[in-house]
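Structure first, commentary second.
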Amino acid sequence: MRMMKEEIEEQTREEELLSFPQTQQQSKLVVVGYALTSKKTKSFLQPKLEGLARNKGILFVAIDQNRPLSDQGPFDIVLHKLTGKEWRQILEEYRQTHPEVTVLDPPYAIQHLHNRQSMLQCVADMNLSNSYGKVDVPRQLVIERDASSIPDVVLKAGLTLPLVAKPLVADGSAKSHELSLAYDQYSLKKLEPPLVLQEFVNHGGVLFKVYIVGEAIKVVRRFSLPDVTKQDLSTSAGVFRFPRVSCAAASADDADLDPCVAGE
């Protein structure tokens, strides 16, 4: 059954190659092998994108996760967004045996971004506070373990409530996207380490996500947590949990926003 599936996939790929204009077949064809979740494949590989890529001489080929990666291809680029130790090991071995293939992104680079502490430290180290406007990272604290000690640690660090709590590891799982807002010292004990605590900064309920690829820059606006007022601080207590904030469904690109918030 598997042999039949592989033969069908190979035949489909040959047909796709033959469907390219003759001029593109003669020039360098870029083959992109992709390993994505079904959800990411559905949202990313839209027919319009595949059509545009085809016109540019780029062919997207699905990677079969049930077959050895080295037996597939040949690829010019491996594009992936899968998690797990086993997959990281597969990619590392593939990079060693196929140095000519570009892997986006290499596991070591992803690991750096999986840790919110190291991710934000990069921005803090840039020291942009004296640049045009103000670019800064909220004061933060990493809690590895022992939730009962959090109130004392926060007090010693001088952090101001309310505090945003985020899981330390950002691995793309549903849990890694969870966010909590703690209003009082006592409630800090209810949090679940390992996590990062950050001082909450009022930002008009909107945040900006900046995507940069080479010289291309794309900025999108997303709805975020609302500002916290003095009244909120005096009347609210406990930990408020938010399963997913500022995702694609929370787009604020078409919203009528205050100019001082919208950046216009």
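Any Cβ shown, glycine's included, is placed from N, Cα and C.
On a predicted model such as this, the values are computed, not experimentally measured, just so you know.
Quick look at what TrEMBL annotates:
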type	residues	note
BINDING	Lys40, Lys81, His177, Lys209	1D-myo-inositol 1,3,4-trisphosphate binding site
BINDING	Arg116, Lys166, 198-209, Ser224	ATP binding site
DOMAIN	31-110	domain 'Inositol-tetrakisphosphate 1-kinase N-terminal'
DOMAIN	130-258	domain 'Inositol 1,3,4-trisphosphate 5/6-kinase ATP-grasp'
Between Gln198 (ATP binding site) and His177 (1D-myo-inositol 1,3,4-trisphosphate binding site), the C-alpha gap once rounded to whole angstrom: 15
Maximal Cα-Cα distance (Å) across residues annotated as binding 1D-myo-inositol 1,3,4-trisphosphate, namely Lys40, Lys81, His177, Lys209: 19
Least surrounded among the binding-site residues, given as Lys40, Arg116, when other CB atoms within 10 Å are counted: Lys40
Overall pLDDT of the domain 'Inositol-tetrakisphosphate 1-kinase N-terminal' (31-110), taken as the mean: 92
Those binding-site residues listed as Phe200, Phe208, and which of them has the most Cβ atoms within 10 Å of its own Cβ: Phe200
Between Lys209 (1D-myo-inositol 1,3,4-trisphosphate binding site) and Asn202 (ATP binding site): CA-CA distance (Å): 16
Pairwise Cα distance for Lys209 (1D-myo-inositol 1,3,4-trisphosphate binding site)/Ser224 (ATP binding site) [Å, integer]: 11
Integer Å distance between the CA atoms belonging to Arg116 (ATP binding site) and Lys81 (1D-myo-inositol 1,3,4-trisphosphate binding site): 18
Whole-number Å value for how far His177 (1D-myo-inositol 1,3,4-trisphosphate binding site) lies from Arg116 (ATP binding site) (Cα to Cα): 12
Helix-strand-coil residue split for the domain 'Inositol-tetrakisphosphate 1-kinase N-terminal' (31-110), DSSP-based: 36 helix, 17 strand, 27 coil
Cα-to-Cα gap, Phe200 (ATP binding site) vs His177 (1D-myo-inositol 1,3,4-trisphosphate binding site), nearest whole Å: 17
